[in-house]
């Protein structure tokens, strides 16, 4: 995992995971069960935020680069729940793999200089599992892929065209590679 000094960075993670014991007992390797643990996600998200701050990437609002404490929620839910959220908040029918609801805006520059509330991130474990089979990799890797995508959106990264999407996907690969 990315070993640079995390200096004074802190993350306040509100983590919720539905009971997927029937799925995890039958379809998920025991080594991948770490995706159900809050501590795993705290470490991963803090690592990624540190990398982003070190990179000083211009795809993020400048005020992000000077924060020391980040707060967000991550919820691992099922297809029915994400479909309901997708319909209610995005006005789209059907399930999806990840939804992010950023809170940040340019006005955040006037708030506490060290703390920022990023928003809410929802990942459908059922869709992630299907995609892990489709792409022939572990559920852990798929969950990392989806979490990195959602985090980048929470930090203000958008993909309005293929070029921006390619840049975002490449940066996701970079973030995930730093966890090895």
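Note that Cβ sites are derived from N, Cα and C of the backbone, with glycine treated the same way.
Copied from Swiss-Prot, the annotated features are:
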BINDING   149, 153, 159  Zn(2+) binding site
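Looking only at other Cβ atoms within 10 Å, the busiest spot among the binding-site residues 153, 159 turns out to be 153.
Same-chain neighbours of the Zn(2+) site beyond 149, 153, 159, judged by a C-beta within 8 angstroms of the site's C-beta center, are, in sequence order, 100, 150, 152, 157, 158, 165, 168.
Sequence-distant neighbours of residue 149 (Zn(2+) binding site): residues of the same chain at least 6 apart with a C-beta under 8 Å from its C-beta are 98, 100, 168, 172. Under DSSP, residue 159 (Zn(2+) binding site) is assigned to coil, being neither helix nor strand in the three-state scheme.
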